[in-house]
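What follows is one structure encoded as structure tokens, with my remarks underneath.
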Amino acid sequence: MSKSKSSESVKVVVRCRPMNEKERAAKYESVVSVDVKLGQIIVRNPRESSGNELPKIFTFDAVYGWNSKQLEMYDETFRPLVESVLLGFNGTIFAYGQTGTGKTYTMEGVRNDPEKRGVIPNSFEHIFTHISRSQNQQYLVRASYLEIYQEEIRDLLSKDQSRRLELRERPDTGVYVKDLSSFVTKSVREIEHVMNVGNQNRSVGATNMNEHSSRSHAIFVITVECSELGVDGENHIRVGKLNLVDLAGSERQTKTGAQGERLKEATKINLSLSALGNVISALVDGRSSHIPYRDSKLTRLLQDSLGGNARTVMVANIGPASYNVEETLTTLRYSNRAKNIKNKPRINEDPKDALLREFQEEIARLKAQLQKRSGKKKRRRLRRRAGEGSDDEGLESGETEDDEEDGDDKGDYWREQQEKLEKERKAILDDHSLVAEEKARLLKEKEKKMEDLRKEREAGEKLAAKVKAMESKLLVGGKNIVDHTNEQQRMLEQKRQEIAEQKRREREMQQQMESRDEETLELKETYTSLQQEVDIKTKKLKKLFSKLQSVKAEIQDLQEAHINERQEMEQIQNELTRDLKLKHLIIENFIPLEEKNKIVNRAFFDEEPEEWKMKPITRIEDDHQMMSRPRSAVGYWRPLSHHACVAMMLKPDMRYKAENIIMLDMDIPARTTKEYQEPVIAPKLAAALEDALRDEDEIEVDASSFHSSLGQMLPASASGSLKKPKSGRPRTGKKSSTPTSSYSPSSPGSPLYPQSRGLVPK
Ligand code: ADP
Ligand code: MG
């Protein structure tokens with residue numbers, strides 16, 4: 001990886017996972033073999049009928065079998081990439097493949113198992129170790145974590161997980177995610193914490209984590225900024241950005257039979273992935289001038305990683321079992337194409353949006369402020385000392401004392417000042433010659449001074465703390481470079497790297513030899529006899545023929561895949577057309593033409609979020625009808641119902657003043673009954689009636705059970721007066737007016753008598 005190279009290919013490696021328990025239990029055949037030396041993947045066709053069909057061979061930059069180690073893979077394939085990110089290049093690692101083939105295993109690995117850690121944690125270690133060994137450089141490392149699900153971007157580090165972010169584009173820095181949070185991290189621990197928080201958030205929104213992760217793309221972004229003094233005496237900043245992408249599962253989402261929402265969902269899930277495929281095809285094709293980056297969020301965001309300013313490694317993950325052979329082949333073909341993408345990586349020097357620059361400037365500004373403060377302070381102290389009669393000439397140089405002494409001095413200075421003020425306060429208190437008022441005034445003054453002093457001190461401390469906090473975020477290495485173990489470790493790493501490099505070169509050479517074999521064979525051959533010539537040429541013919549066959553088979557496979565894809569697209573198109581027709585039907589039949597026209601006039605297409613939007617009504621100047629207020633509401637903002645007018649007058653609620661709020665209180669009808677009034681009865685008659693009633697009462701007393709139960713509850717005297725009204729009711733049909741009665745006959749719980757409905761005719 002040399003700097004001078006202007007263009008380089010996307011590196012593609014393939015990793016085949018081991019058979020899992022289920023596959024072994026079901027005794028599936030393994031159809032994939034891995035030739036690590038040659039960098040080849042060989043796939044047999046498992047079908048019996050095709051016994052004579054040739055195995056399919058794919059060659060890649062490197063291949064890893066089921067027993068490959070995470071660290072070995074990191075050293076060989078990912079370390080050089082991360083190393084170049086530390087130099088200021090952009091780098092991207094994609095993990096591509098069917099669900100369950102080891103994408104997440106490759107990217108994240110198994111937590112808590114150092115042997116099985118994936119690229120992401122290994123890169124943390126790598127980056128911070130590099131920084132600790134650096135010299136005369138200042139680093140700033142920050143991390144972001146986002147997810148794309150159904151073409152919506154979610155910030156996995158934000159507090160509000162329901163929020164969706166948008167993509168924006170700036171001419172100088174390109175495409176970015178607006179409002180994406182990023183965290184400055186100072187150590188491996190901190191950045192691991194950031195990753196864990198993101199991972200937790202990722203699973204929070206999902207009902208089924210497996211399904212969710214297989215349908216969404218997760219992108220972990222590490223930005224490394226490095227500032228170094230250049231030969232020109234100026235500080236230069238290099239910014240490298242590392243995108244670590246765990247893509248959605250590449251298997252086809254079934255769209256067949258889906259309609260409406262479900263269809264839309266299914267088409268959206270794989271949109272980013274098929275757009276990625278289209279971008280790769282267009283880049284490799286060479287004939288197409290248009291690269292469809294804009295077709296999906298993923299391809300827009302990672303535009304630079306595909307044919308742009310970045311170094312890219314794509315890891316294609318496959319499974320070995322026979323039942324997956326179709327998906328495995330698709331994955332291999334897909335990644336085989338990606339090999340031919342050419343990138344143009346370059347070091348990003350002094351970009352406009354470097355955060356490190358901002359930090360440095362801010363720190364310098366704060367420091368100047370602090371300096372000014374302590375300068376003021378010192379001058380004051382100098383003046384003070386001079387006043388005390390000190391004739392020390394060396395004091396002048398005291399002003400340029402170094403910072404460390406300044407730190408010690410600071411505490412002394414504050415203490416001195418405080419003590420002095422305290423002393424003065426005491427002196428005032430003790431001074432009996434002063435008038436009480438004068439004393440109070442002076443004391444107040446002193447207290448205010450002390451308060452000011454305290455405030456000033458606090459402000460100074462705050463400023464110093466801020467500077468310290470900001471400085472602590474900038475990482476510098478080189479302090480313990482002489483550390484022995486460190487040195488040994490470094491040597492070990494270097495050795496490992498050398499071995500990896502050696503392996504790579506060996507593989508390349510082998511690959512080249514293979515391909516050259518066929519060409520050179522022809523040149524050096526001279527035949528001793530005709531028979532020999534025939535033999536050799538027959539052999540060659542056979543070889544070439546088999547090659548032709550495999551190419552033909554490949555073409556057929558591709559055609560089949562193409563046809564399948566086309567049919568699926570046609571099906572989607574049909575479904576969408578049907579959907580559209582329904583919408584048309586509704587619009588044509590149920591929406592007035594002028595309303596539709598108004599809406600059409602207001603609607604416009606916003607390119608950025610790729611959505612139709614509505615212009616606000618007031619901006620349409622030529623349509624007066626929509627702008628003016630209706631005439632019918634004189635004196636009001638809008639027409640009001642009579643009820644609303646009355647309600648506003650009766651209950652002037654400021655909150656609803658201008659609104660025509662419907663009041664949903666119940667409309668109670670006016671009462672049509674009157675209170676019952678007893679007829680006036682002559683006293684004689686009343687007495688007779690009383691008598692009559694009492695008589696009857698005696699008969700009723702026999703309802704022993706009722707009485708005994710009541711008798712327990714009520715005092716004896718009350719139970720006596722009770723009997724009257726109850727017994728009188730059935731005959732007279734009127735309520736008793738006896739004021740002593742505390743027991744209403746219509747009260748529930750007296751099952752012996754019919755209950756009154758309380759209505760008396762007029
Ligand atoms: P994906 O993210 O592609 O859906 P995972 O990474 O979740 O797949 O892997 C599925 C399972 O296979 C996990 O249990 C993982 O531990 C296991 N696995 C994948 N690759 C390997 C490997 N190279 N070695 C051992 N186990 C693996
Ligand atoms: Mg996964």
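In case you wondered, yes, glycine gets a Cβ from its N, Cα and C as well.
Automatic, uncurated: that is what TrEMBL annotation is.
The domain 'Kinesin motor' annotation in TrEMBL covers 9-341.
The ATP binding site annotation in TrEMBL covers Gly97, Gln98, Thr99, Gly100, Thr101, Gly102, Lys103, Thr104. In the three-state DSSP scheme, Lys103 (ATP binding site) is classed as helix.
The region 'Disordered' annotation in TrEMBL covers 370-411 (among others).
Positions annotated as compositional bias 'Basic residues' by TrEMBL: 373-384 (among others).
Annotation comment: TrEMBL describes 389-409 as compositional bias 'Acidic residues'.
The compositional bias 'Basic and acidic residues' annotation in TrEMBL covers 500-509. DSSP places the residues of the compositional bias 'Basic and acidic residues' (500-509) in helix, strand and coil in these numbers: 10 helix, 0 strand, 0 coil.
Look at TrEMBL and you will find 500-520 (among others) tagged as region 'Disordered'. Under 8 Å from some Cβ of the region 'Disordered' (500-520) lie the Cβ atoms of residues 37-39, 59, 62, 72, 75-76, 79, 543, all in the same chain and six or more residues away from its ends.
Residues or ranges marked as region 'Disordered' in TrEMBL: 704-762 (among others).
Positions annotated as compositional bias 'Basic residues' by TrEMBL: 723-734 (among others).
Here TrEMBL flags 736-756 as compositional bias 'Low complexity'.
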All-chain count of other Cβ atoms within 10 Å of Thr104 (ATP binding site): 19
Binding-site residues close to ligand 2 - of Gly100, Thr101, Thr104, only those whose C-beta is under 6 Å away: Thr104
Average model confidence [pLDDT] within the domain 'Kinesin motor' (9-341): 87
Where Gly97 (ATP binding site) falls in three-state DSSP terms: strand
Site with most surrounding Cβ atoms, counting all protein chains shown within 10 Å, from the binding-site residues Gly97, Gln98, Gly100, Thr101: Gly97
Shell of the ATP site beyond Gly97, Gln98, Thr99, Gly100, Thr101, Gly102, Lys103, Thr104, same chain only (C-beta within 8 angstroms of their C-beta centre): Arg17, Ala95, Tyr105, Gly249, Asn317, Gly319
Least Cβ-crowded entry, counting other Cβ within 10 Å, from the binding-site residues listed as Thr99, Gly102, Lys103: Thr99
